[in-house]
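Now, the feature entries from TrEMBL:
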ACT_SITE  Ser145  active site
ACT_SITE  Asp302  active site
ACT_SITE  His332  active site
DOMAIN    63-221  domain 'Alpha/beta hydrolase fold-3'
DOMAIN    275-335  domain 'Alpha/beta hydrolase fold-3'
Amino acid sequence: CHLIHYLRLSHHLIVLNYLICTFDKLKSVSSEDIKITDAVFDGVEVRVFEPPAKGDERLKRSVVYIHGGGWALASARTSLYNNLCRIMAESLNAVVVSVEYRLVPEVCFPEQYHDALRATKHFLQPDVLAEYSVDPSRIAISGDSAGGNLAAAVCQQLSKDEDLTIRPKLQALIYPVLQAFDFNTPSYQQNMNMPVLPRYVMINYWIDYFNGNYDLAHALLINNHTALDVSQALSFRGRLNWTSLLPSSFKKDYKPVVQTTGTAEIIQKIPALLDVRAVPLLADNETLQLQPKTYMLTCENDVLRDDGVMYAKRLENAGVDVTLDHFQDCFHGCMIFTVWPTDFSAGVQTRNSYIKWLDENL
């Protein structure tokens, strides 16, 4: 893929996504019990999963789901996410709306965020909820990885939108990516070479999302963009102080990497590095106080572990009811791997725990 990109034949992410879709096993969108339809919500494609009506039941609960893939890969239509959303709809007897936001490199930040926000706000309209027989008081917003990033950012915006009459009851975030401020948290150091999502790959995803230059990757890796002399970062430093936000079992013997002198030009070139719509962990406490009851799933073998744990702690400090569901033996992305030939016990374990929490709280 990178060779094709180097030869200027195509962007490597386009090629990689093509390969993913080519080898995908999904043959049909039909399901024996779940009605699966594609729709457009305010210009954004979505896939809707509707369970059959049961007896005298009038309204169903619902989940707006935003898929992962580094803002660049996968789709609501691939078998892995199709299977996850179908099982959610069946297990919860809920209407699941899976958002098909546009991907890098077709668009970059903030377009993915705008797609997710537009689709969610459209669904939250009373007449649309009535069309799908959804209870307005029992809606969750959820997502994994980059989708968890979008879900958290959308939830923050919805909580401040005074024109909305209906807001999510819950947010459920699955190993979300929430910050690009510090690439040397304990989990980034511990899992820097962990398969599926090594640190350098996550940094490249951020650069692609912001339409930046790969030449900046090393400076980001050593936190030059948030050095002590970078004035734009100073006001955010206390919101991401992992020495106070993480338990000692996660901090272990790792030390903070804080450069005295860095490269302020990085923030000037990529201001989105400090934009809370892209990095929800940097939101102020006033915004966090408005967030709904939250589920946070994290995995030990994941560079993003501490993103989720720090956000859970900040939400808890702000008075939000938070469940932190940490899996010691699991890895980033595991929850979607439940179908042969990638049917891992870690996937079934995390998926069941996630659905159980939704069932008990939604």
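Every residue gets a Cβ built from N, Cα and C, even glycine.
Just so it is clear, the model here is predicted, and its values are computed rather than measured.
For the domain 'Alpha/beta hydrolase fold-3' (275-335), the DSSP-based tally of helix, strand and coil residues reads 22 helix, 19 strand, 20 coil. Note on the domain 'Alpha/beta hydrolase fold-3' (275-335): its mean pLDDT in the predicted model is 97.
Long-range C-beta contacts of Ser145 (active site), restricted to its own chain and to partners at least six residues apart, with a cutoff below 8 Å, comprise Gly68, Gly69, Gly70, Ile174, Tyr175, Pro176, Val177, Leu304, His332, Gly333. Residues near Asp302 (active site) in space but far in sequence (CB under 8 A, at least 6 apart, same chain), listed by position: Tyr175, Ser187, Asn191, Met194, Leu197, Cys330, Phe331, His332.
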